[in-house]
Amino acid sequence: QVKHATNQIVMNCADIDIITASYAPEGDEEVHATGFNYQNEDEKVTLSFPSTLQKGTGTLKIDFVGELNDKMKGFYRSKYTTPTGDTRYAAVTQFEATDARRAFPCWDEPAIKATFDISLVVPKDRVALSNMNVIDRKPYPDDENLVEVKFARTPIMSTYLVAFVVGEYDFVEARSLDGVLVRVYTPVGKAEQGKFALEVAAKTLPFYKDYFNVPYPLPKIDLIAIADFAAGAMENWGLVTYRETALLIDPKNSCSSSRQWVALVVGHELAHQWFGNLVTMEWWTHLWLNEGFASWIEYLCVDHCFPEYDIWTQFVSADYTRAQELDALDNSHPIEVSVGHPSEVDEIFDAISYSKGASVIRMLHDYIGDEDFRKGMNLYLTKFQQKNAATEDLWESLEKASGKPIAAVMNTWTKQMGFPLIYVEAEQQEDDKVLKLVQKKFCASGPYTGEDFPMWMVPISICTSDDPTCAKMQILMDKPELTLVLKDIKPDQWVKLNLGTVGFYRTQYSPDMLESLIPAIKDLSLPPVDRLGLQNDLFSLARAGIISTVEVLKVMEAFVNEPNYTVWSDLSCNLGILSTLLSHTDFYEEIQVFVKDVFSPIGERLGWDPKPGEGHLDALLRGLVLGKLGKAGHKATLEEARRRFKDHVEGKHVLSADLRSPVYLTILKHGDSTTLDTMLKLHKQADMQEEKNRIERVLGAISQPELIQKVLTFALSEEVRPQDTVSVIGGVAGGSKQGRKAAWKFVRDNWEELYNRYQGGFLISRLIKLTVDGFANDKMAAEVKAFFESHPAPSAERTVQQCCENILLNAAWLKRDAENIHHYFLQRKA
C-alpha cells in the first residue's frame, strides 16, 4: 500500500543482492526501480523509481540473490551426517529477532503483519516444510531433479515467525484430541526418538486450547530437530524448530533430565502458538510478554502432563532464584526495555525477559487466582488475535477479569529494575504476634544506600507452624513499612513469609524468627519449596554481606534429612558458587570436606542402583548427589565410579543414562591423559547428540594443564557442533582454577574466530559469562573490562558489565568472609 505519493520504497534487507525490482499499481503499467541504495549498518535498502508512485495499492516484484550462510541465522545451512557417514547439508531458517531480512527483502518488524504464500523449488528426494500444509507439488519445468512445492496461505502473521526447512528427515505423527495433525521430524533412521515429544505435543495442544479457550488456528503443527541450531528452539508458527537435544529422546540412552527438558521446551514453544504468534508483541520492548509468559506456562503444561516431576518446585530453583541473582546487580535492567538497533534486541533474550518475566507472572497468577486469570487471558487473546499488543493491554484484560489493580501493581515489577528485600521482626503481645515489615531494594553489594527509594507493590502471604501450607494472612504491601497483627499465635509458633516462594522478593528475618524456623527445616514440617526459598535467601544475604556466610553454612547442615531433589539441587548450586569462590584461597580442600560431609548421608541412603518404586525425581537426585561426591573426591564414590566406568567402556555393563554424567565427571576430575583419550573416543562413537553434549559438558573437569589445553583445542575442532563449543569452554572455566585462567586466555587468543562465529545472538554473551564470572579479584575485573573495550561485542555489552560487577562482588566477599569461613571449617574438624 502506497500511503503517500513517493518515488522511494525503503525495506529491510541484509546480505542480499537485488537484481531487479518493479512496482505495478493495480491495473496500471509496472515501473522499474532504477537505483538500489543499501544501508548495511541499518540492514535496509532504498529502491528508487524514475517516477512518482501514486497513492493506492499495487504489487512490488523483486528478483534477488542471497546466501545460505553458516551463521545459524537467517536462511542458513546445517551440517549433518547420513547413517552411512556422508556429510550433507540441510537448508533451514531462524528469523527471530531480525533475520527474515537475510532470506528475503521485507518489512521485518513484529507489528507489520501480512499473509505469506510460500513456494519452494527443491531436489525431489528432499523433504520441504513451511508454516502451512502443502497444497501442490509438481515437477519443476527446467530441471527434472527438482520439484516445486506450494504451501497454503498463512494467517496474518509477523515475519520473524516465517520458516522453511529443506532436508532429509523421517517423522512420526498423531492427531491431537482436537483434530490437529502433529508430526515430529527426526534425522533419518531416528523416528523412534520423536515419540516422546509427539506424546507431549499431542497432550499439550488440547490443554492450551482448553486453558485459553481459543482453538489452535492452523491445520497442522510440525516439530523438527535441526542439527546446527543456536537457540534451544524456535516457535515458528506451525513449524517449530529445535536443537536435537531439545526434541529427541531415546528410551535407552536418554536420561531423566533430558526428558524433562524436552517436555518443558515443547510446552514452551507450543504456548507461543497462541501467546506470541496469534497475538504478537507490538515491539521488542514487550518481548518479555512472549518469553516470560511461555516460560511460566511451560511449567503449568508439564505439571499437567507429568505431575510426578514436582515441576513447580523446580521452577523456583531454575528460574526464580536465577532471575533474582541477576536482578540484584546494578547492571540489571527492567523487564520492559526500550530497544532501538537490532543488536540491542539480541541482548534482551536474557534471564530477565525469560525467568524474571515468568516469576512475576507466577506471582500475578497467584494474586489473581486461576479462574480470573484464565478469563483475562481469553479476553486478551480474543481481542488482539492476529494483531499486536503491548504490556498494558494484558494488564487491562486481567484487570477487567479480576477487578484488582493489576496495572498499578505490575508496573512496579516491569518498569523498574530490581526487587525488594523485606525485613521482618515479630513481637509477642499476649496471644498475638505483631509483625513489622520494611521493604528496601535488594542489592548484591549489600544494604541499599541510594538517594531515591524505589518501592514495589508486593503481594505478601504469611503462614505459621499451625498450617505451613495455608496462608494465615494475605495482604498487598504498598508502602515502605507495614505493621500487622496475627491473632492467636502462641510464643513457640514460628511465622514464615512468602508461602510457596511465589512473591518475587527476598526475606530477612530477625535473628529469633530465623532461629525458630531452623527446626522446621530439620523435621521437614516446612514444605520443600519453602525450605529451598529460606536457604536461598540466606545464601544471597551472605553473598551481599548482610549476614555472615558462616551462618548459612550452619543452616546448610540442618538439611541432613532432606529428601527433596530440588532442594538439594539448589543447595548444591550454592555450595558450587562458594566452592568456586574458595578456589582462590589456600583452604579449598576444606570446602570439599564440608561438601562430602553434607552429601554423604544422602549418598549412602540412595546408593548407586535404582530401587523398586522409585521415580523421576529419585533418578535426578541420585545423579546430582553422586556427581557432587565424586567431584569432591569422596573415596568410595570415586572407586565405584572407576569400576563402573571400566565395565561401561569394556561393554560388560553399560551405564544407565542417569549415571553417565556423574560417572564421567568423577573419573575425569581425578583422571589422566588415558581417561581423557577414552572420553574423546566415546564422544566420537556416540550416535546421539545428547551423549555427545553430556561428554562435552564434563571434559573441562580434567585438571592437568596440558590436558586442559587439549580440551580447549577440541572445543573449536570439527568434532564439536558450533553451538556446543561454548559449553566445552564453559566447562573448562568452571572445572578448576587452572581451567578458569586457561579458558579466559583461550577466548582472548581465539577471539576473532569465536566472535565471527557467534556475533550478535546470545551465544557470545553466554561464552563471556561462562568464562569470566568465576574470577574474584579487582585486577581481573579491570582486565576483562579493558579487553572488551578494545574488542567490542555490542550485543554482549550488558553481559560484560554484569560480569565485571560479579568479579568485584566476589572479591569483596572473599575479603569479608574468607577468614571466618576458614575458622569455621577448622572448628568443625576439631
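Using N, Cα and C of the backbone, Cβ positions are placed for all residues, glycine too.
No curator has checked TrEMBL annotations; they are predicted automatically.
Quantities reported herein were computed from a predicted structural model and do not represent experimental measurements.
Features reported for this protein in TrEMBL:
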ACT_SITE  Glu269  active site, proton acceptor
BINDING   His268, His272, Glu291  Zn(2+) binding site
DOMAIN    1-161  domain 'Aminopeptidase N-like N-terminal'
DOMAIN    196-413  domain 'Peptidase M1 membrane alanine aminopeptidase'
DOMAIN    494-807  domain 'ERAP1-like C-terminal'
SITE      Tyr354  site 'Transition state stabilizer'
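Under a cutoff of 8 A between CB atoms, and with a sequence separation of 6+ in the same chain, the neighbours of His272 (Zn(2+) binding site) are Glu235, Asn290, Ala294. Separating the Cα atoms of the residue listed as 'active site, proton acceptor' and Glu291 (Zn(2+) binding site) is a whole-number distance of 10 Å. Neighbour density around each Cβ, counted as other Cβ atoms within 10 Å, peaks among the recorded positions Glu269, Glu291 at Glu269. For the Zn(2+) site, the Cβ centre of His268, His272, Glu291 serves as reference, and the other residues of the chain with Cβ at most 8 Å from it are Glu235, Glu269, Ala271, Phe275, Gly276, Asn290, Phe293, Ala294, Ser295, Glu298. In this view, Tyr354 (site 'Transition state stabilizer') is surrounded by 23 other Cβ atoms within 10 Å of its Cβ, with every protein chain counted. Cα separation, Glu291 (Zn(2+) binding site) to Tyr354 (site 'Transition state stabilizer'), rounded: 5 Å. Comparing Tyr354 (site 'Transition state stabilizer') with His268 (Zn(2+) binding site), their Cα atoms are 11 Å apart once rounded.
For His268 (Zn(2+) binding site), applying a Cβ distance below 8 Å and a minimum sequence separation of six or more within one chain yields Ala233, Glu235, Ala294, Ser295, Ile297, Glu298.
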